[in-house]
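What follows is a short report on a single structure.
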Amino acid sequence: MTSKAVVFAYHDIGCTGIEALLNAGYEIAAVFTHADDPRENTFYASVARLCAERGIALHAPEDVNHPLWLERIRQLRPDFLFSFYYRRLLGAELLACAARGAYNLHGSLLPRYRGRAPANWVLVNGETQTGVTLHRMVERADAGPILAQQAVAIDPEDTALSLHGKLRKAAGALLRDSLPLLALGVLPEVEQDESQASHFGRRTAADGLLDWHRPARQLYDLVRAVTQPYPGAFCQVGEQKLIVWSAEVVAGNHGREPGSVLSCDPLRIACGEDSLVLRFGQRGERGLYLAGTQLATELGLVEGARLRGPASGPQRRTRVLILGVNGFIGNHLSERLLRDGRYEVHGMDIGSDAIERLKADPHFHFVEGDIGIHSEWLEYHVKKCDVILPLVAIATPIEYTRNPLRVFELDFEENLRIVRYCVKYGKRVVFPSTSEVYGMCQDPDFDEDRSNLVVGPINKQRWIYSVSKQLLDRVIWAYGQQGLRFTLFRPFNWMGPRLDRLESARIGSSRAITQLILHLVEGTPIRLVDGGAQKRCFTDVDDGIEALARIIDNRDGRCDGQIVNIGNPDNEASIRQLGEELLRQFEAHPLRAQFPPFAGFREVESRSFYGDGYQDVAHRKPSIENARRLLDWQPAIELRETIGKTLDFFLHEALREREAQA
């Protein structure tokens, strides 16, 4: 019986995959591809042309995961989906359309070099082997079980173009051997070894900058990784750009400074280790392709001259405005940015106890104040700074029912004013959305771009925080369509030192773990709301802040206009389990003897704890594919470690409180 396939394909290997399917006897019901980008050098074969010649139905939608396209694909009733160098991620609903599974051909030996541009990256990194992999598609990019692989040797003289040719041949051979077995259902699958996984993002022309302080071998690898048809490696000669198309490594650098011209015939440049002969290149984007010797003459180079790589002079630090700088995220983020050395942090908050350790840093500027009052200071600093983070918010569940109007006024109205200042002055805003916006969504994993945002009835006032944040997300998105640069990030239950204060927990206005620790410290029963069965995914603040710092860094602008969940799906636990692990570590803590005996667990109804208008959520687990793809980020800290350092912080705080009262 003929197997029916729907194919997602682009590039040479897209054509190779389509030809292989036809040769293996598959029926191709439709092909989805991309319209060629006029800004891109399309040196590869055309999937559109091939399909036209073969009489195959072809589509190029902007969003293949759109419900309209999902329904059309379902109506085709495919046995298989195949992706051959298609450039967009296929969502879970789309993958489920295939009765016998969805499969991707990836241009590396997975699990190494997941992600974008693997053929370029293996050359940049000096690898001697790569290959192609046929694997089952899962929601995580390039992470599904492997069905077949074929290795490809990388020769010292290979360029990205020659290596791509080798990969194309390997792909053809692998598919020729594998597709018939797949149709018969006899091709075994092997899970990927996550400990060996590596992930690489897309490359841009700016990544071709030559840093002469690096070893010549590394620069040679960069040149061959980005030479024609790619934009090329480059450096500066005075005010002129020199693009290098071909080079070779020569031993020694005569002890000269990196970037020094050692000779003009051949054109040889000293590197941090050894030297590089520039064989061919061109002046600027529109120059002629010339030999290195002629380039030296036309550029006016002489022995001893210096070529420039990355700017070596002092650069202005990026100014980051953090409103709510004394809060949990604000103080940890400030510390991380100041440690980086590339940022100047300006902050405002109504207190400063959590940032006292930062005040001595000359690049940290703090003003004590209220964003609702100090509007002139606020507008001036939005205008002055480069990146704006409005972190001021009421984010404790009991306040959602106790002070709903205050939640709306601060979390929506005051922050909307800040967003409008960003629009007015053309500033980038990194806005803290929340995992609460997903509400009672029933998806197993909450996806930023696909999950529905579901909240309860109007009389359940606990949702005022969720909808205030969601509405502001939508306003920011709408401003983004008019040119506002933004990123929305959604923290999932971040924990760590300085999360709250025990004093806040005493009045009920704190996060769950702080409330639990307060009960241990004071010897009162740990209250489990509705039995504590609710599950959350807890994220260590150090993991979360690292992701947020990468959003602020925004390499290649990849975070612009994006929504990013920041959470740890592997750290899922119920509130009861959280309490039990806290108790275990509390009993083993060196300070245990300083506190009263454990008073037990007590189950309470949510209404008695939070008051009328509360409604809870059974689970809240993030999809972190956007964070992996955009930030090359993966949370690493286990829950028990996070609980341990959070507990330790609050136990020491409790003793300090006791000493102060003595």
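Glycine is treated like the rest: Cβ placed from N, Cα and C.
NAD(+) is bound by ASP370, ILE371 in Swiss-Prot, and the record lists one more residue there from ASP349, ASP353, ASP386, which is ASP349.
Counting every protein chain shown, the Cβ of GLU139 ((6R)-10-formyltetrahydrofolate binding site) has 16 other Cβ atoms within 10 Å. Sitting within 8 Å of the Cβ centre of ASP349, ASP370, ILE371, and not among those site residues for NAD(+), are the Cβ atoms of LEU323, GLY324, MET348, ILE350, GLY369, GLY372, ILE373, HIS374, VAL392. The recorded positions listed here (ARG140, ASP349, ASP370, ARG620) include ARG620 as those with a Cα within 10 A of the Cα of ARG536 (UDP-alpha-D-glucuronate binding site). The binding-site residues shown are ARG140, ASP142, ALA395, ARG527; of these, the one with its CA atom nearest the CA of ASN104 (site 'Transition state stabilizer') is ASP142. DSSP assigns GLU436 (active site, proton acceptor) to a helix. Distances between the Cα of ILE371 (NAD(+) binding site) and those of the recorded positions HIS106, GLU139, ASP142, GLU436, ALA533 are shortest for GLU436.
Each residue contributes its Cα atom, and for ARG620 (active site, proton donor) and ASP530 (UDP-alpha-D-glucuronate binding site) these two points are 16 Å apart.
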